[in-house]
């Protein structure tokens with residue numbers, strides 16, 4: 001029996017050479033490799049393959065390699081490749097990406113990918129699977145952010161705060177041992193991976209060390225607490241000794257020094273620069289030049305992604321609120337005006353597309369939207385495809401695979417590497433926590449179908465619970481069983497520093513979630529960033545704000561209409 005490509009795709013999803021459009025964007029993926037076996041595909045349903053003695057083994061037990069969950073015939077988008085495969089999950093982790101089923105009657109089934117009586121199935125045919133997103137710039141202002149974030153496909157949130165305190169509304173810091181311990185206790189209640197940054201603004205080491213020993217996974221330097229060269233040097237020295245990351249929001253007003261002074265204080269040590277363009281804060285007008293340095297891991301926040309006709313006006317109002325400024329004080333208004341520059345925001349689009357800026361995050365409720373990291377990432381990718389055409393690496397191939405890998409890396413693997421958690425999350429790879437997001441291609445980047453947390457469904461598009469089937473309206477993202485009870489603790493991780501784990505902080509606090517410590521935070525560089533490791537020379541004119549990359553001026557026009565927008569949000 002032979003199937004046409006169209007018939008095969010409708011039954012089992014696309015295969016090598018098939019192309020899929022991502023929602024209403026101009027981005028096309030092409031399957032690079034198919035790990036399934038033609039004619040022996042797994043498929044669940046009445047009269048289908050995954051039945052006893054057929055695609056499901058009648059004899060193998062869980063201890064003999066039977067999976068807890070198989071996602072069949074999934075299209076995977078990951079920095080590692082764009083492939084078609086079955087995904088095998090056991091004990092909450094990915095154990096196989098390849099061919100699952102019954103090895104007694106099917107070709108190519110791997111010994112760790114056996115489907116048996118212990119196996120649940122998710123039909124991945126025609127769906128796209130990505131790693132759960134990582135938002136590495138969270139102001140923990142309200143716990144309700146977590147519901148919005150996970151519903152959008154974010155499964156790991158890193159940042160700081162203690163709730164709607166004035167300091168947290170402006171800065172991403174959980175300051176001091178007592179506050180860190182309380183936030184670690186609160187983390188048990190949520191079905192996402194969490195990690196907290198301490199306050200890095202101190203010019204002596206002891207106040208910084210005690211926060212890392214209390215459980216902080218890193219330190220945040222913020223201008224509202226005084227990001228002076230002395231504080232920068234001290235913070236990085238402590239981080240180097242204790243193997244944690246430092247995130248920085250530099251001195252917009254250039255009070256304690258200019259961007260050159262900050263670069264000198266950083267030296268050759270690795271650092272994560274938040275909202276590197278500068279609208280979210282940082283040396284005006286030229287903080288973005290740090291994005292070209294080999295030891296700087298730069299990120300954007302999502303309100304400037306992508307550059308549109310509304311970006312500038314929105315930012316001025318946001319800034320006044322977030323940084324506790326008074327519109328009646330001329331100096332406060334001047335502070336706000338100095339940060340919002342159309343020229344550098346336009347250049348930020350290009351730098352994202354060139355792989356110079358390596359990450360995208362939210363800046364949640366503090367000049368950023370927690371549920372829009374993923375959607376704005378893909379809006380930026382689409383805007384750049386429309387304005388700049390295919391990347392050089394994609395020229396002549398008829399697909400956008402390199403661009404797609406570049407952009408998915410910005411909110412998955414790269415923040416994981418930056419903050420020392422890439423052994424656990426950040427990609428669709430064997431051994432990692434099964435934090436996976438399943439998308440209907442028509443809604444890719446906008447509304448996930450399923451969000452798996454540690455191998456269990458935590459959120460899903462779900463219809464009326466009183467209906468006779470799951471699909472009747474109203475259909476929207478709702479919490480599932482992985483979001484409740486003790487399941488949250490076995491399917492999610494609270495990240496600590498190694499110092500805190502060695503001191504037994506998790507045991508002293510009685511934390512219920514899985515615990516893991518960050519590592520290799522200080523041995524990385526820009527070269528560690530997947531598909532986003534470019535280090536060109538960046539210059540910003542101090543009067544016109546024009547941006548040059550390796551001597552060539554870069555800019556783009558703002559869009560009046562973007563993809564993934566109003567047609568998806570009619571209700």
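Cβ atoms are placed via backbone N, Cα and C, with glycine included.
According to Swiss-Prot, the protein has these features:
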- 132-571: domain 'Urease' (DOMAIN)
- 137, 139, 220, 363: Ni(2+) 1 binding site (BINDING)
- 220, 249, 275: Ni(2+) 2 binding site (BINDING)
- 220: N6-carboxylysine (MOD_RES)
- 222: substrate binding site (BINDING)
- 323: active site, proton donor (ACT_SITE)
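All features noted in Swiss-Prot, drawn onto the structure.
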residue : record                    : CB count, 10 Å
137     : Ni(2+) 1 binding site     : 33
139     : Ni(2+) 1 binding site     : 26
220     : Ni(2+) 1 binding site     : 30
222     : substrate binding site    : 25
249     : Ni(2+) 2 binding site     : 24
275     : Ni(2+) 2 binding site     : 28
323     : active site, proton donor : 20
363     : Ni(2+) 1 binding site     : 30
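Taking only the Cα positions, the spacing between residue 222 (substrate binding site) and residue 323 (active site, proton donor) is 11 angstrom. Residues 138, 159, 160, 171, 172, 247, 249, 274, 301, 361, 362, 364, 366, 368 surround the recorded Ni(2+) 1 site, their Cβ atoms falling within 8 Å of the Cβ centroid of 137, 139, 220, 363, which are themselves excluded. Residue 139 (Ni(2+) 1 binding site) and residue 323 (active site, proton donor) have their C-alpha atoms 13 Å apart, to the nearest angstrom. Considering only the recorded positions 137, 220, 323, 363, the residues lying within 10 A of residue 275 (Ni(2+) 2 binding site) on a C-alpha to C-alpha basis are 137, 363. Taking the Cα atom of each, residue 137 (Ni(2+) 1 binding site) and residue 249 (Ni(2+) 2 binding site) are about 11 angstrom apart. Nearest in space to residue 249 (Ni(2+) 2 binding site), taking C-alpha to C-alpha distance over the recorded positions 220, 323, 363, is 220. Taken as a whole, the domain 'Urease' (132-571) shows an average pLDDT of 96 in this prediction.
A distance of 16 Å separates the Cα atom of residue 220 (Ni(2+) 1 binding site) from that of residue 323 (active site, proton donor). Taking the mean position of the Cβ atoms of 220, 249, 275 as the Ni(2+) 2 site, the remaining same-chain residues with a Cβ inside 8 Å of that point are 137, 171, 172, 221, 222, 247, 248, 250, 273, 274, 280, 281, 282. Reported as a whole number, the C-alpha separation between residue 363 (Ni(2+) 1 binding site) and the residue listed as 'active site, proton donor' equals 13 Å.
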